[in-house]
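Engineer: Here it is, the structure in full.
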Amino acid sequence: MKNIDQELLRRCREQVEADKCAAVAMRAVTRVGPLQAGMDVDAQRKLPYAFSIDLKEQGITDQGQSLRCWTFASLNPIRQNMARTLDMQDQGFELSQNYTYFYDQLEKSGRALSEAIARIEEPLDSPEMLRLLRQPVADSGQWYIFIDLAAKYGVVPKSVMPDTQCSPDTRYVTRTLGDKLRLSIKQMRDDYAEHHSVERLEALREKQLEGVYSILCRFLGLPPETFTFGYHDRKGQWHCLENITPQEFFRKYGGMNPDDYMFVIHHPSQKRPFMQTYYIEDYTGKAPERPCPAILLNVDLPLIKKAVIAQLQAGEQVVMGCDVAKQSSKPAGLMDAQLYPFEELFGTELEMSKADRILYKGTCGTHIMSFSGVNLRPDGTPDRWKVQNSYGAGMGIAGHYVMSDSWFDEYVLSVVVRKDLADPALVEAYEKTPLPMSMKEWY
């Protein structure tokens, strides 16, 4: 391997010193940073906060210092459906993200212990055991994880199980559960070394989950088995749902049957053709049996946009996953593929195609939000999208982003769409036998 030598350093320095634009860029970036120095000054003019289809929302939420965006975004269409079905007067109705988080962490802890049993004879320094031990549990997720939780445990209003001090800042929950799970895995491996009994490990797993449940109660509170919920309708009439279970509340009023939706991805790759289904083997293990929300359909952009627009026209928000940090401004609430023309600013090639960025790990899913509007040109094609975020009302434009259609092309990676509103070709393709895909490849 050739080292960086003085000749190379000389050429580099001469090129920078001879470039007048480099001097201007250097002064700007060193004083105010690359975002302020490079942001397109016309971005706000080109991306007005106005949309031909603009859905009524139930208020902006705030995930705090946590990675629970997937829960917040997935609850948006459900609380929208509930407010509509119950004709609620309250325009700020929220569902409890804390309730979902409780059972998410319990289920993930159970999965971690099950994986530890499955790998009981692997050495501790194997790649998969190292991955498991470094992060036994996390609070990140996807819509298909949420909808499995909602179908099993239901949902509750936020007033029934409100946030605690720890739910918006999940660091201590994650650390404490991590310590508990690592200790549990050690105890299981010690027991197996002595008794060589998987049956004993399963019993130990159940016992350890009792400890996990106890930890979660101390952080997040005890989840309700039934609750009573009162509300005014838009005519001012009082209604009360008494002694209803979270499962009944979701089934009766949530308006989201998992079997009616498809998880659609845009994953341009020669290895992964469009109109083919895949399953994440890290999550489901073997090929899942239908119905299963964790089946992914890879689709090209025109059909994805068509399905999203149809759902917005029908009055329902669309859950969306993306690479949020690229070419976006949280303070301004703007997303455009050339919001920061960094090639001009830095004087060198930086851009890759979406397919290449995915292949070379330059783009990955980092955030989940929901579409709540779109602006259509006279010919019916979109030029910008309204995005509801979960960073609080003080971020962006009253808690929203305006996304250009070019940003959609480059950085939107997944959407959740209704089968009955999608192109029949998508629904037909969704029934194909899914092929395995690893989480590492998808991200």
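Every residue number used here counts from 1 along the chain in the order it is shown.
Cβ atoms are placed via backbone N, Cα and C, with glycine included.
The active site annotation in TrEMBL covers Cys69, His367, Asn389.
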Engineer: I need the CA-to-CA distance for His367 (active site) versus Cys69 (active site), whole Å please.
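Structural biologist: Distance (Cα to Cα, whole Å): 6 Å.
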Engineer: Far apart in sequence but close in space: which same-chain residues, 6 or more away, have a Cβ under 8 Å from Asn389 (active site)?
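Structural biologist: Those within reach of Asn389 (active site), by Cβ under 8 Å and sequence separation of 6 or more, are Ile60, Met369, Met395, Gly396, Gly399, His400, Tyr401.
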Engineer: Using all protein chains in view, find how many other C-beta atoms are within 10 Å of the C-beta of Cys69 (active site).
Structural biologist: 23
Engineer: Under DSSP, is His367 (active site) helix, strand or coil?
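Structural biologist: In three-state terms, His367 (active site) counts as strand.
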Engineer: Using DSSP, would you call Cys69 (active site) helix, strand or coil?
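Structural biologist: DSSP call for Cys69 (active site): helix.
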Engineer: Work out the three-state DSSP category of Asn389 (active site).
Structural biologist: coil
